[in-house]
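Enquirer: Marked as domain 'Adaptive response protein AidB N-terminal' by TrEMBL: 66-199. For 227-330, the entry in TrEMBL reads domain 'Acyl-CoA oxidase/dehydrogenase middle'. What TrEMBL records for 343-499 is domain 'Acyl-CoA dehydrogenase/oxidase C-terminal'. Sequence annotations record features per position, and here TrEMBL assigns domain 'Acyl-CoA dehydrogenase 11-like C-terminal' to 505-626.
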Amino acid sequence: ATCKPWQSGRFLPRVWERCQPLSRKGMDMTAGQGQQVSVQEKQVVKDLEKPLARRETETLFREQPETGNQYSEDALLRSYLKTHLPPKVLEEVNQDLERFGNRLLTKIKHLGWECELNPPVFQQYDAWGQRVDHIVTCSAWRRMKEIAAEEGLIAEAYERRYSNWSRLHQAAKLYLFSSSSGGFNCPLAMTDGAAKVIESLGIPGSLKNTFDHLTSRDPKKFWTSGQWMTERRGGSDVANGTETVARKQPDGTYRLYGFKWFTSAADSDVALTLARVADAEGQVKQGFSDLSLFFLKVRDEEGKLNSIQVQRLKDKLGTRQMATAELWLDGTKAELISAEGCGVASISNMLNITRIHNVIGAVASMRRMISLSREYARRRVAFGKLLKDHPLHMQTIARMEVQTRGAFLLLMEIIRLLGLVETNMASEQDQLLLRLLIPVTKLYTGKQASAVVVEAMESFGGQGYMEDTGLPVIVRDALVLSIWEGTTNILSLDVLRSLAKSQGQVMAVFFSTVQKKLELASSTAKLERAVEQMRDAVSSLARFMQAAGSRGATTMQLAARDFSYTVARIYAGALLIEHAARPDASSTDTSAARRWCNQELCPVAAALEKSSYEAEEVLMDSALVYEGSPA
């Protein structure tokens, strides 16, 4: 049958919809399917040899890449779960992910595209001139919320059916869901973060009902949460940028007054936000130590906004499926949930979770683009042969695959550590390592995602630039991942703070953990060269830290980004080597580890040798940036 992008008289592009019978969807990548692919490839070439008038379909329709059950086709995810999960847990998780993969393919993917086609609309006034500030979302977006509850995308982590492996089960589902979610992965990130904050506070009685809603599997009871931190004067600089004031009321509640510049998923049910508590004279203090954390419901029992005015929806480059708004809080009723002045420490649990979700989105976007690229290479003919038969084209996709594998294993490692921490099974070393790896992994995968998805888009030629293919949507949405939850530089400085706060212990744990992973693989002959390269990189990093320690704070600050990249590359390399050293590892696992280790693993040491972190470089940087511009 011919693909029909127009149905029922309206324009509805079927992104990468198969031109084959529906019974093919969701099949495993078996030997039989490989034979079918081979037959398809021969048919493409045979079609091209026919005169145009004799072809049954235009060649372009044959070139649409088709993907099936994401879980069945993700060999790395399946091998990771097989390696780490206990047999009984693996059996149940495998069945759930297989089922979920089929649901994504047949029921959910088209909803994600509907969300893209029907972004939220802001209705400020009703027909009679009454201000209503209503954010109108499409039915597909509302259905995504129901699906999130049905699948337990938040609940799974807090029910802990599988103890410390529950987080891994949840992360795997979110990873599969992300690319089909129509942007709903963002409100889920903040909902997970809010639930984590409430749990970390001991689930106080006043928040028990809220926690139950946030972690519910019942679509009629499930709530989503916002995270309202960014104000007009600053993003990550909450200490100096937060102007919102909280005034205590006689009944013990608070009223909030302020302006929130970015509020993602503004249609959420509840929100956590920071504010400064005013004293009896109405005065507030500045700084981190005077920020407190508040919980609020967006609407009251009658469905009216809680003294909140929506100014406008943001016009964004990407994530257009989700409502991001500017909000006035004009006496918004709220509950103080942290100790007064301890808001930043209390919300840090939320930031860790949302950063992990950011990583999930980054890895998922890379995996999705590579899956489409490799399928396209099996169908697209150029210069007389399929793209998969052009060595340079396959080398390009292989390089993207290596980057994605490294990112995936970094993600799984922080999820594994988080599961241990949440079930009180983590050692002090595990906790230190998690503190280091969360910002490192978030900043590195955010950059990786931007590079990989743009490279993958190029692999489709001009088709990659066409809106109705859906590829530009993936690219646009991925570009925010290096900005959300802290930019690359902000997180690089956070990495340095983790070193300072632990008085260097975190790096001792890092070096020890990497060395142990390399030692376990040292007897694997095919990985010998990769292990040697990794050990050289570890030695170079150790020498850098010793040298930088004698040069002062400026050197480390200038080196912060390269240092974070180095930590990410070395640790990802150790994980790839560990995965490739398994008894049942594939040749692909070995190749990925070896190729990863062929890159510059310790850029921070290389830059130090070139004197890139000297104090005078600061002046030179400013001169280069502002040469010829007005003072």
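Backbone N, Cα and C define each Cβ position, glycine as well.
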Enquirer: Compare 66-199, 343-499, 505-626 by their Cβ pairs under 8 Å to the domain 'Acyl-CoA oxidase/dehydrogenase middle' (227-330) and return the stretch that comes out on top.
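Expert: Looking only at 66-199, 343-499, 505-626, the most contacts with the domain 'Acyl-CoA oxidase/dehydrogenase middle' (227-330) come from 66-199.
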Enquirer: For the domain 'Acyl-CoA dehydrogenase/oxidase C-terminal' (343-499), provide the mean pLDDT of the predicted model.
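Expert: It averages 97.
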Enquirer: Quick one: DSSP breakdown of the domain 'Acyl-CoA dehydrogenase 11-like C-terminal' (505-626) into helix, strand and coil?
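Expert: Split by secondary structure, the domain 'Acyl-CoA dehydrogenase 11-like C-terminal' (505-626) comes out as 98 helix, 0 strand, 24 coil.
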Enquirer: Using DSSP, what's the helix, strand and coil tally for the domain 'Acyl-CoA oxidase/dehydrogenase middle' (227-330)?
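Expert: For that range the per-state counts are 7 helix, 49 strand, 48 coil.
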Enquirer: For a three-state summary based on DSSP, what are the helix, strand and coil counts in the domain 'Adaptive response protein AidB N-terminal' (66-199)?
Expert: 93 helix, 11 strand, 30 coil
